[in-house]
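Engineer: One structure follows; several queries about it will come next.
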Amino acid sequence: MEMIRIFLIYLILKIIIINGENNEYSKGYGVGIVFPGSKCLNYVGDSIGQPLCNNRLFNGGKKIYSTVTLVDNKNISSQELSKIEILKSFEALTFLQDQCDDLLFTQFGLCDLNFSPCVETIPKITPLQNVSLPQRLCKSVCERMVSNCPRLSLKIDCSISFLFPEIGTEYNLTLYGYTENKGLYKVPCIDPTDGYNNISNQMELIQACPYPLLLKNSSDPKYSPNKGYTYLPPTNCVLTCPMPNYTKTQWKRVYDMAKTLSSISFICACYNILTFGILNRKRKSKYNICITLMSTSIALVYLTDIIKFGYGIEEFLCPEPGRSAVQNDAACGITGAMFHFGITYCCCWAMTMSIVLFCSVKRIKLFYFRHFMIGNTIFTIITTVILLSAKKMVAGTGYIECWVRERWFVITLFWLPCGIGLSIGIFCIGGVIHEIYNISKKVNIRESEFILRQIKPFSLVFSVAGSFLYLFIFFFDVERKIDSYKAAVADYVLCLLSGGSEETCFTTGPNYASFFIFYFFIRVFGVLFFSIYGTSRVARDIWSEVVFDEVRSRLSQSESGISRNNSRTDISFGKNNNSKNSNNSKNSNNSKNSNNSDNDSKSIELEKK
């Protein structure tokens, strides 16, 4: 729209020059155009929350040349359009602070260029009203602006006398009844230098940030970088949160993957803890202890994801617009400590399992297993405490969890020791592979069977080591390219300044597929542990024993109940028999006594006879 407007102005100027050949324009004056309906109005004022030209206008904003323009079938004031243009100009100047001098003067000049002071013809040359005419910026002012900031020459051409006359502008008002000076009405150009010199020491450069960047005061402790704000030097503009490396759809895919896979892995890890740590009473081995502790540590990692998604992932990572979470945010500090403890403890036990496996295969007598437990726990606690004490737990930009982001801390307290541990694990795995190869020659069937039993723990350690190796490579690849990523932010800003939006402009970051796989590997360990150990024969036997013991216990209780019932029945039956026997005995005795009595009576009777 602005280009069309400039073209029309150029066309009108050509017509005026051709038609006005008989008029003699003064040297040093530009040719002006009179727009019917133009008015001298007060400055409409700055937008709320965004200072622009208040206190920077030549005449204090009392009279500004104003017209009405038709845009999308709506009449819009030229002042409103100028506010849009001046905001874009200020946004560009904000990012030129380290390349230009005296930008404050440039802002004064741009304000007068876009909000031209307005003069009215005196006396009235029309019956009803004065003719309103703009005062243009002097050429010397334009040249000073371009001299201080050569980049402005790409947008401003000081040789255009229509905009930047040396002395003033002449307007042909013959159509309006003006006859003096052959109908040419002279309006002097303006030079804000004197006004600028009087108040410049009381003014500051106005900074403006293109959307979606946000403007913050970096000198205010509330908005300092250690609070989670990422500033774009030399400005006070901060990047959005999360980092605009990817589209909103791509970020959503990462969030959905993490949410789904973390939930599944957490359940799988809890299953392993329940199986090998709680229900297992008869198979207390070093392997099972390693499985339990690895599952516990990795469950802690996935618990942080459950907390995040319950809290709201975007609210968790970005508590405020433009600010990423830091350790002072309670949720970030707690989950960061849990994440570091869990991931470090898992690495320690992966190394421990590989050592135990190697020693078992090589028949090497291992020192007390509890030494591993003490060492792994102390190391993990110490590194976690150091990071918390240094307040290094942050969400950062372009990540989906709170953890340590400072290069030397994360290398010293995580990647270096864990890299050494994984190297030991890989060495032990190599020894196991070599031993399996030797045993596979059928030297001893019994020993071969023993070695083959170690395939699952070997697979687990190999998978964990391989996954961590990818994470290791990805991390250092990102660190290697971090400077190029930072340099590419300039292209992102240029895209925004050129009229781009958050849907079309992006910063440069790690390849999206690699980024997605990085977080996939971190969240797949729980499923991996379950697929190797949770479905093993040992796990099935543990559950079978638990179920069998429960069934046997219930059967035993049932049999005991039946036995007690039978005992009661037998006692009752015995009592009845005794009663019957007693009665029979009594009846027999009575019968005998009766018979004896009869016999006795008979004998008596016989004796009597």
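Placed from the backbone N, Cα and C atoms, the Cβ positions cover glycine too.
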Engineer: Swiss-Prot annotation: CYS53 disulfide-bonded to which of CYS100, CYS111, CYS118?
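Structural biologist: When Swiss-Prot is consulted, CYS53 turns out to be bridged to CYS111.
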Engineer: Under Swiss-Prot's topological domain names, is VAL432 on the same membrane side as ILE542?
Structural biologist: yes
Engineer: Swiss-Prot pairs CYS40 with one of CYS118, CYS138 in a disulfide bond, so which one is it?
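Structural biologist: It is CYS118, per the disulfide annotation in Swiss-Prot.
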Engineer: Where does Swiss-Prot put N-linked glycosylation site, among ASN75, ASN114, ASN438?
Structural biologist: ASN75
Engineer: Between CYS138, CYS241, CYS268, work out which one Swiss-Prot annotates as bonded to CYS189 by a disulfide.
Structural biologist: CYS138
Engineer: Could you tell me which of CYS100, CYS209, CYS237 is bonded to CYS149 by a disulfide, according to Swiss-Prot?
Structural biologist: CYS100
Engineer: How about long-range neighbours of the transmembrane segment (512-532): same chain, 6 or more residues beyond its ends, C-beta under 8 Å?
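Structural biologist: Cβ under 8 Å, 6 or more out: 245-246, 250, 253-254, 257-258, 261-262, 264-269, 271-272, 291, 294-295, 298-299, 301-302, 305, 343, 346, 400, 456, 459-460, 463-464, 467, 470-471, 474, 477.
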Engineer: Closest to ASN245 (N-linked glycosylation site): which of the recorded positions CYS40, CYS100, ASN130, going by Cα position?
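Structural biologist: Checking each of CYS40, CYS100, ASN130 against ASN245 (N-linked glycosylation site), the shortest Cα distance is to CYS100.
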Engineer: So which residues does the transmembrane segment (338-358) touch in its own chain, when a touch means Cβ under 8 Å and the partner is 6 or more beyond its ends?
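Structural biologist: Contacts of the transmembrane segment (338-358) (Cβ under 8 Å, skipping residues fewer than 6 from its ends): 286-287, 290-291, 293-294, 296-301, 303-304, 364, 366, 369, 372, 375-377, 379-381, 383-384, 387, 393, 401-404, 414, 418, 421-422, 424-426, 428-429, 431-432, 454, 457-458, 460-461, 464-465, 468, 522, 525.
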Engineer: Return the count of C-beta atoms lying within 10 angstroms of the C-beta of CYS138 (disulfide bond), excluding that atom itself.
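Structural biologist: Result for CYS138 (disulfide bond): 23 other Cβ atoms within 10 Å.
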Engineer: Which one is closest to CYS111 (disulfide bond) in space, judged by CA to CA distance, out of the recorded positions ASN130, CYS138, CYS149, ASN198, ASN217?
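Structural biologist: Nearest by Cα distance to CYS111 (disulfide bond): CYS138.
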Engineer: Are there residues at least six beyond either end of the topological domain 'Cytoplasmic' (281-288) with Cβ under 8 Å to its Cβ atoms? List them, or say none.
Structural biologist: 353, 356-357, 366, 369, 457, 538, 541-542, 545
